[in-house]
Amino acid sequence: MDALVPRPRTVVAPGAVHVPGWLDADARRALVEACRDWAAGPVPMRHTRLPRGGVMSVRTVCLGWHWKPYAYSRTADDVNGARVAPFPDWLAEWGRRALADAYRDPAAGDGYAPDTALINFYGAGARMGMHQDRDERSGAPVVSLTVGDACVFRFGNTETRGRPYTDVQLESGDLFVFGGPARLAYHGVPKVLPGTGDPAAGLHSGRLNLTMRVTGLTEP
Ligand SMILES: O=C(O)CCC(=O)C(=O)O
Ligand SMILES: [Fe+2]
C-alpha cells in the first residue's frame with residue numbers, strides 16, 4: 001500500500017541507505033511476477049540446508065550464480081544440479097538506478113554489474129539471523145528490494161552480531177543499499193509483520209526480498 005505519510009530517505013550508517021517506496025506499483029507487480037517464474041525453476045525455490053544440519057526458515061532461489069553456504073557456483077548442486085537462471089539485464093539496470101538514487105549521485109551506479117541475486121521468501125514465522133554477506137569477492141554494494149509484508153530489518157556493525165544496530169522497518173517497495181564502509185556490516189531480519197502486505201502487487205501473504213550482488217567470480 002502506498003504510504004499516506006511520506007517516509008524519508010535515511011542514511012542508516014555511512015554507505016547504508018534506506019529509500020522507502022522506491023518501487024512503484026507497476027514495478028512491485030512486475031517483480032512479484034518475475035519471482036514467481038524464477039521460483040518455479042530451473043532450480044526450484046527451497047529451504048537452504050546449513051552445513052550443521054539446520055534448515056533456513058526462508059525459501060530461496062538464485063539468479064546468475066547459486067549460493068549455498070558458503071560459496072557460489074553456477075549449478076545448484078544442493079538442490080537439483082541444474083544451472084541457475086541467468087541474471088537479467090533489466091535487473092542490473094534497476095541496480096544501477098538504485099545506487100544513483102540511494103547515494104544521490106547520478107554516477108554511483110556507473111559500472112555496477114551485479115551478477116547474482118538471492119530471492120528470499122519469508123512465509124509465516126520466517127526470519128534471518130544476523131550475518132555478513134561475505135561470500136562475494138567484490139566490495140561492490142548490495143542492493144536489496146522488498147515486496148509484500150513489512151519486516152524489521154536489523155542493520156548492525158562490521159565487528160559483531162550484536163549492538164550497536166539500528167532496526168529499520170522495510171515495507172513493500174522499499175530499497176536498502178549497503179556498500180562502502182557498510183558493505184560487511186552484520187544484518188538480519190528478526191521479524192516479519194504479517195498482514196502488512198501488498199495484495200495489489202500479487203502477493204497475498206509473506207515477504208519477498210531480492211538482494212543483488214557482484215560475486216567477483218569468473219567462469220571456472
Ligand atoms: O531479507 C532481507 O531483507 C535480507 C536478506 C539477506 O540479508 C540475505 O539474503 O543475505
Ligand atoms: Fe544478507
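Yeah, the Cβs are placed from backbone N, Cα and C, and that goes for glycine too.
All protein chains shown were included, and the count of other CB atoms within 10 Å of the CB of His131 (Fe cation binding site) stands at 13. Positions annotated as Fe cation binding site by TrEMBL: His131, Asp133, His187.
Summarising the annotation, TrEMBL assigns domain 'Fe2OG dioxygenase' to 113-216. Across the range of the domain 'Fe2OG dioxygenase' (113-216), the DSSP-based residue counts are 6 helix, 49 strand, 49 coil.
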Other residues, Cβ within 8 Å of His131, Asp133, His187 Cβ centroid (Fe cation site): Met130, Gln132, Arg134, Ala185, Tyr186, Gly188
Which of Asp133, His187, the listed binding-site residues, has fewest other Cβ atoms within 10 Å: Asp133
Averaged pLDDT, computed only over the residues in the domain 'Fe2OG dioxygenase' (113-216): 97
